[in-house]
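S.K.: Feature table excerpt (TrEMBL):
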{"type": "DOMAIN", "residues": "B:22-566", "note": "domain 'Cytochrome oxidase subunit I profile'"}
{"type": "TRANSMEM", "residues": "B:39-61", "note": "transmembrane segment"}
{"type": "TRANSMEM", "residues": "B:88-118", "note": "transmembrane segment"}
{"type": "TRANSMEM", "residues": "B:139-165", "note": "transmembrane segment"}
{"type": "TRANSMEM", "residues": "B:185-210", "note": "transmembrane segment"}
{"type": "TRANSMEM", "residues": "B:222-250", "note": "transmembrane segment"}
{"type": "TRANSMEM", "residues": "B:283-304", "note": "transmembrane segment"}
{"type": "TRANSMEM", "residues": "B:316-336", "note": "transmembrane segment"}
{"type": "TRANSMEM", "residues": "B:348-373", "note": "transmembrane segment"}
{"type": "TRANSMEM", "residues": "B:385-407", "note": "transmembrane segment"}
{"type": "TRANSMEM", "residues": "B:419-445", "note": "transmembrane segment"}
{"type": "TRANSMEM", "residues": "B:457-484", "note": "transmembrane segment"}
{"type": "TRANSMEM", "residues": "B:504-526", "note": "transmembrane segment"}
């Protein structure tokens, strides 16, 4: 019944809109018996609108920077390679906004300036090789710079230097949660395959029980990282594609069933240090003020009302119904804190039933 | 001004008229003009469905998990008590993408205007094969029907994203939508691809073989160049998607392991071994990226024509425009890997794809600057089609520029699959191509229906749409840079992103207003079809051949002989001519030079 009522209401609204448009339409008829081709008056009106629209574009740009400019992750990266990406991002952004402002100005200003008038003839101007060479070569030079900078940055990030003795951690994805597996004291991950999963024995990651390297592996649901130590992540998935996205560390890699992917970075800022960063404190205060407005709703959903900053690992590849809630907390801490935490964890050998 | 065709060549084509019944004229028509209209109307219907879906998604994102009467009415069991279900959200994401990309912006745009304009602008009686053309439309219609039917299957429509990456799309136990819904999706797309291939082959053959006397390739209007090259890209890349779809069907139904390996789901190990989802990604994007240009190039071709006509100036740098279409087409087939920087493929490949991807910015920049220079010192006639064309250049620049960030593998790491991507591709291919479609409809409506659309409603439609498009997608870049992933049913599980919630509401408001104002277009379109002012033969004073044909549609397009072409289509405001346009079928005066290069 409600469905029917709603349909009728929507229908009425649509009909009302239709009628309003029709009235608008009919009101025009008497005004002129024109043939629906733009007149000088239309050209003038739309010419001025072009300038108004140009101002609108600039305004929304400025407003976005003023109100949303502190949202971007362009500062406060928490990994060694982070500032490299952020610099490249800032440089690209400067280039983009420069080109955007200039070209949009030319486009809309010309549309205004050369609005049509009866009797005027346009300039017959079909070609100019010099001009075209200029706007081919300038983008070539700028892009060459961006490509070279980008490729160096990319190679720095993706070329994993095994000689730095990185700590090896497996990130394991399944619908809809994350696990992490540490190599243990030998820092070597035991062999694993989904065919070895034995839920009765609580071997949920399919780690090979016969592999001696596996015995001291540690499987956890909260990712702890020692600060300033290179970490080599090996990603696995047991069911569908997932993506391990760690935005604060400028890190992301897909988890692909049937293969092991990898990504390495060195965290440089502990969770405690990041929490005391003034930018982050502002952000957290802002978020908490907003949360206070939605107090009832948040408490009803069972979340803590007060938000405290934490690094996060998010799933960033569509993976099914609860994709929107597939996350794992990341804690970056000093080596001592990390060792103390690690000592409390059960090894794989001891975790089996 | 004489625009009548020469009569000294007598063509016997026009003398035999078939008896037309209602069925052969309106349903199983083989006339390209009728087929174009069929494509357009089907595309508009699919567009309404696609846009409604996006509005529902926007409402869910802005007011997550709140009861909404519209959801209750439209989604039925998928919105118990009006609260949208998480499964159906992903289905909306998937079907919205599929419908808009393939059914509206590929078939609706290319199908309509390639069919309408190729024979008319090159001076041909019809497509090379009217019969294949008819089959092409009806296969498209069939695939549309199947896609719509898939919305009603018990376990839900396909919900793995329009990219349908396996294993999610391959395993019915991974999500409800990967059962019968995905089967129908694959069947629908296979038929769609067959339709698209038949259409494309027809376009290519027609352009190559049926150009009228004097219509050399270098005198072709840029619309035809764009449609021609688009058809070639389609023929090269669509079969690859078909093979990917067939292999996926094999994996789903016949137990092969092309894309699947080592899977443990719902408590059991599946038998699949040795396949790779990354292979699917390669096959998918080998179509998927050229698809962007299959959508965009026709829109750019339409814009070139409309900007030149309404600026009363030759398009600036005709040769460079053709060269950039060819360059974009070539590059588009070797950049697919930029969708896969973090898919686990070799990082070295990432470097190669970064290089080729950023190269595309060069022909794109040439096109943008050439449009701007075409406006310079013109005599701009601000018809609605012209406004949409200028709007297209604007969104093409805004959206295209952020491609420099996404195409750069190092930067992509952090914005991949966030709202930044959503903002980028909606502006550069979604909105731009949609503007191209609107521009084309306003411009060629008189040619299609013999009547004019109302210009004031056109202005209202354009300005509200233009403001809303920027209002929706510009702030979206910023929430993307804040790290917010796309395709999340709700963000309320991440307090980290709570400071984006107000922006989401603003975006949704713009989307709702923009969506509602498309009704103005629908009204204008359908009422003008019957009650619009009767059109003159050449209302925009254009040079191209379609305006030399009589307003009333006839089989074979021209009574008597086909027009002969003496010049390119951009002789606007040419010195030495009284009028500010010289149609292509007007012979050169003594001593007049052909000034196109």
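In case you wondered, yes, glycine gets a Cβ from its N, Cα and C as well.
Because TrEMBL annotations are produced automatically, they should be read as predictions rather than curated entries.
These numbers come from a predicted model, not from an experiment.
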S.K.: Who are the chain neighbours of the transmembrane segment (B:504-526) in space, where the CB to CB distance is under 8 Å and they lie at least 6 residues beyond its ends?
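M.R.: Cβ under 8 Å, 6 or more out: 44, 48, 51-52, 54-55, 58-59, 61-63, 438, 441, 445, 453-454, 457-458, 460-461, 464-465, 467-469, 471-472, 475-476, 479, 491.
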S.K.: Apart from its near flanks, which chain residues at least 6 from the ends of the transmembrane segment (B:385-407) lie with a Cβ under 8 angstroms of it?
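M.R.: Answer is 296, 299-300, 302-303, 306-307, 310-311, 335, 338, 354, 357-358, 360-361, 364, 367-368, 371-372, 375, 415-416, 420-421, 423-429, 431-432, 435-436, 438-440, 442-443, 458-459, 462-463, 465-466, 469-470, 473-474, 477, 540.
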S.K.: Based on Cβ pairs under 8 Å, which of the stretches B:88-118, B:139-165, B:185-210, B:316-336, B:457-484 lies most in contact with the transmembrane segment (B:39-61)?
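M.R.: Comparing B:88-118, B:139-165, B:185-210, B:316-336, B:457-484: B:88-118 has the most Cβ pairs near the transmembrane segment (B:39-61).
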S.K.: Please work out which recorded stretch in B:88-118, B:222-250, B:283-304, B:316-336, B:419-445 has the most C-beta pairs separated by under 8 angstroms from the transmembrane segment (B:185-210)?
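M.R.: Stretch with the highest Cβ contact count: B:222-250.
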S.K.: Are there residues at least six beyond either end of the transmembrane segment (B:222-250) with Cβ under 8 Å to its Cβ atoms? List them, or say none.
M.R.: 110, 113-114, 117-118, 121-122, 164, 166, 169-170, 183, 186, 189-190, 193-194, 196-197, 199-201, 203-204, 207, 256, 258-259, 280, 283-284, 286-288, 290-291, 293-294, 297-298, 300-302, 304-305, 315, 318, 321-322, 325-326, 329, 332-333, 544
S.K.: List, by number or range, the same-chain residues at least 6 past the transmembrane segment (B:283-304) whose CB is under 8 A from its CB atoms?
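M.R.: Long-range Cβ neighbours of the transmembrane segment (B:283-304): 101, 105-106, 109-110, 113-114, 163-165, 221-227, 229-230, 233-234, 236-238, 240-241, 243-244, 247, 315, 321, 325, 328-329, 332-333, 335-340, 367, 371, 389, 392-393, 396, 425, 428-429, 432-433, 435-437, 439-440, 443.
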S.K.: Who are the long-range neighbours of the transmembrane segment (B:419-445) in its own chain, taking Cβ under 8 Å and residues 6 or more past its ends?
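M.R.: Same-chain contacts beyond the flanks: 40, 43, 100, 104-105, 108-109, 112-113, 116-117, 292, 295-296, 298-300, 302-303, 305-306, 309, 383-386, 388-389, 391-392, 395-396, 398-400, 402-403, 405-406, 451-453, 458, 461-462, 465, 469, 472-474, 476-477, 479-481, 484-486, 521, 525, 528, 532, 540, 546.
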